[in-house]
Amino acid sequence: MSASATGIGLRLADKRRRERRWLLGGAGILACIVALAGFGIGALAIPPATVLHILAAQLGLADAAGIDPLHRQVFLAIRAPRVLLGFGVGASLALAGAAMQGVFRNPLADPGLIGVSAGAALAAACIIVIGPPAIIGASSVLRPWMLPLSAFGGGLLATAAVYLLARHEGRVVTSVMLLAGVALNALVGAAIGWLTFVATDEQLRSLTFWTLGSVGGANWASVLPTLILALLAAIGLLRLAPALNLLALGEAEARSLGSDPARTARLVACFAAVAVAAAVASAGMVGFVGLVAPHLVRLLVGPDHRVVLPGAALAGGTLLVLADIVARTVVVPAELPLGVVTALVGVPFFFWLLLRSKRTGQSE
Amino acid sequence: MSTAALALHQASLRRGRRLVLQDVTLQARPGRLLAIIGPNGAGKTSALSLLSGAASAEAGEVLLDGDPLARIGAEALARRRAVVSQGARIAFPFRVHEAIALGRAPHRGRTTHHQDAALVEEAMARFELLHLAERSVPTLSGGEQQRVQLARAFVQLDRPVLDGTARWLLLDEPVTGLDPAHQVRALAEARRFADAGGGVIAVLHDLRLAARYADDVALIEGGRCTVLDTPAVVLTPERIRLAFGLDEASVGLFLTA
């Protein structure tokens with residue numbers, strides 16, 4: 001073989017690998033720093049050193065003596081679940097976005113834009129106002145899972161509907177995909193409008209929460225189902241990264257390389273619906289994270305899904321924790337809805353992407 | 001039956017309600033380059049999609065070395081034949097060397113990343129892509145992207161013959177969009193693949209190129225394979241004039257004198 005005489009192939013492959021390791025490492029460190037900030041910032045400031053001290057004490061690595069009990073109480077009951085929930089929600093949405101973009105072969109397939117979050121939210125809102133089906137309502141085991149389960153059903157239906165509508169001769173038509181999202185979002189807007197009309201005052205408060213999103217209500221009971229579902233989705237989606245890379249070549253090409261694109265699409269739809277359900281059921285509709293996070297990763301290290309998926313999860317979690325810090329500090333003592341903050345960042349970003357895809361004509 | 005060949009045996013294919021291929025029998029042998037020619041819409045691409053396993057025959061058989069193609073697992077099949085289809089476009093800004101390396105997918109866990117990188121480099125050199133290695137594929141011209149696809153197919157197959165079995169290269173209009181120098185280069189590479197013992201089946205529109213590079217030519221008209229023989233037998237002015245509906249004055253434009 002005359003091939004490896006210069007070794008440029010190996011050099012290029014290794015360079016890419018190094019870039020990926022740096023990105024994932026850097027994103028991990030950044031996530032930890034932002035989490036520390038999230039734990040510390042608020043009406044009662046907790047210094048990072050104290051946060052680390054409390055964490056060490058909780059893990060049995062340090063003596064709990066010398067920790068202000070108020071700090072400890074606020075950290076354990078409010079900050080920790082809130083930051084963890086925020087991270088889980090952001091990571092789920094970003095991961096779902098990155099994987100769906102892979103299946104749709106389109107960088108604009110965000111769970112919020114194409115109506116998957118809306119489908120999940122509608123199903124959950126129906127359960128809140130109309131009430132759960134008798135089997136779930138009666139069982140105390142299923143109760144904490146009631147909203148995630150119905151959100152999963154709604155999200156899955158929405159994903160399937162958009163995918164089937166927008167796919168034409170083996171490729172996804174961007175305009176149909178986005179219009180299907182517009183239609184689904186409009187349907188959900190109308191339905192939620194109607195639900196607010198028939199809802200009681202208490203139901204109404206939790207309904208407004210669905211439309212703009214918040215992780216303010218976080219407590220351990222709501223955090224755990226979310227994180228479990230998010231982890232489940234992450235495991236499922238990360239395994240599909242090589243198949244998503246092949247799908248980027250085209251459906252026929254993926255098939256000729258021994259992959260099964262239909263199976264990939266089904267699995268991504270299911271796991272992405274789990275991820276979106278985990279996010280929506282606990283935090284409502286938070287937009288644009290699934291659009292922004294995967295893009296940042298692609299800009300830095302290219303589109304290989306083996307790094308885009310984990311990278312997007314880290315970036316999405318970090319972004320959402322940051323957005324939540326902004327949401328609860330800019331208008332103290334009140335809080336901005338989380339969706340307002342993410343939209344302020346996400347909408348300009350979306351326009352920029354649209355303009356760019358118009359210029360390069362990359363997506364038809 | 002252990003004849004080394006990729007063959008259609010009385011195969012028919014329906015798309016929607018239309019019968020696009022009817023009773024097609026043709027056979028490609030290792031070490032040879034088979035060109036499929038014929039008018040637009042005659043069923044050339046359909047025949048290729050039967051041979052690649054992308055479509056399954058409504059009637060008849062598709063055989064790879066005597067085994068029904070449908071019974072070979074998708075990944076095992078992907079190691080034995082590679083397909084370059086028309087106008088494939090990559091969805092994300094993969095770099096040239098990354099896109100070519102995707103061809104190694106069916107070999108995952110069977111080769112080291114050093115071997116993979118060496119194959120990618122060899123293929124980039126083969127199709128003059130080394131200077132574009134770090135460019136993003138969607139920013140390349142159509143012809144350059146086509147060369148990336150060809151390089152990916154070569155990387156997918158390792159060698160023309162591996163473990164004693166011939167590998168197959170299935171090319172749908174591989175030189176469309178390439179400049180003359182790269183047309184010649186791409187077909188010369190396909191030729192070399194066949195000379196080294198691999199099998200090549202290429203849908204070609206350029207009859208002169210078919211005459212120059214192919215060992216066998218199959219003419220497909222109206223969903224049937226009407227003749228399969230050497231270029232000298234198939235590419236006669238009379239046959240080409242009738243098959244393509246040309247007048248006597250213009251048929252000479254497309255044939256080597």
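Heads up, residue numbers simply count up from 1 along the chain you see.
A Cβ is built for glycine as well, from the same backbone N, Cα and C atoms used for every other residue.
If you look up TrEMBL, you'll see A:21-46 (among others) marked as transmembrane segment.
The transmembrane segment annotation in TrEMBL covers A:83-104 (among others). Same-chain residues lying 6 or more positions outside the transmembrane segment (A:83-104) and placing a CB less than 8 Å from one of its CB atoms are 31, 35, 38-39, 110-112, 114, 116-117, 159, 163, 166, 172, 177, 215, 218, 222-223, 226-227, 229-230, 233-234, 237, 240, 244, 247-248, 264-265, 268-269, 271-273, 275-276, 278-279, 282-283, 286, 289-291, 293-294, 297, 305, 308-309, 312-321, 323-324.
The transmembrane segment annotation in TrEMBL covers A:116-138 (among others).
What TrEMBL records for A:145-166 (among others) is transmembrane segment.
Sequence annotations record features per position, and here TrEMBL assigns transmembrane segment to A:172-199 (among others). Beyond the transmembrane segment (A:172-199), the same-chain residues lying 6 or more positions past its ends with a Cβ under 8 Å from any Cβ of the stretch are 104-106, 108-109, 113-115, 118-119, 121-122, 125-126, 129, 158, 161-163, 165-166, 207-208, 210-211, 357, 363-364.
The feature transmembrane segment is assigned by TrEMBL to A:220-244 (among others). Within its own chain, the transmembrane segment (A:220-244) has Cβ neighbours under 8 Å at 81, 84-85, 88-89, 91-92, 95-96, 99, 102-103, 144-145, 148, 254, 259-261, 264, 267-268, 270-272, 274-275, 277-279, 281-283, 304-306, 308-310, 313, counting only residues six or more beyond its boundaries.
Annotation comment: TrEMBL describes A:264-297 (among others) as transmembrane segment.
Look at TrEMBL and you will find A:309-330 (among others) tagged as transmembrane segment.
Residues or ranges marked as transmembrane segment by TrEMBL: A:336-355 (among others).
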Leading stretch by Cβ pairs under 8 Å, where the reference is the transmembrane segment (A:145-166) and the options are A:21-46, A:264-297, A:309-330, A:336-355:
A:264-297
State, in range form, which of A:264-297, A:309-330, A:336-355 has the highest count of Cβ pairs under 8 Å to the transmembrane segment (A:21-46).
A:309-330
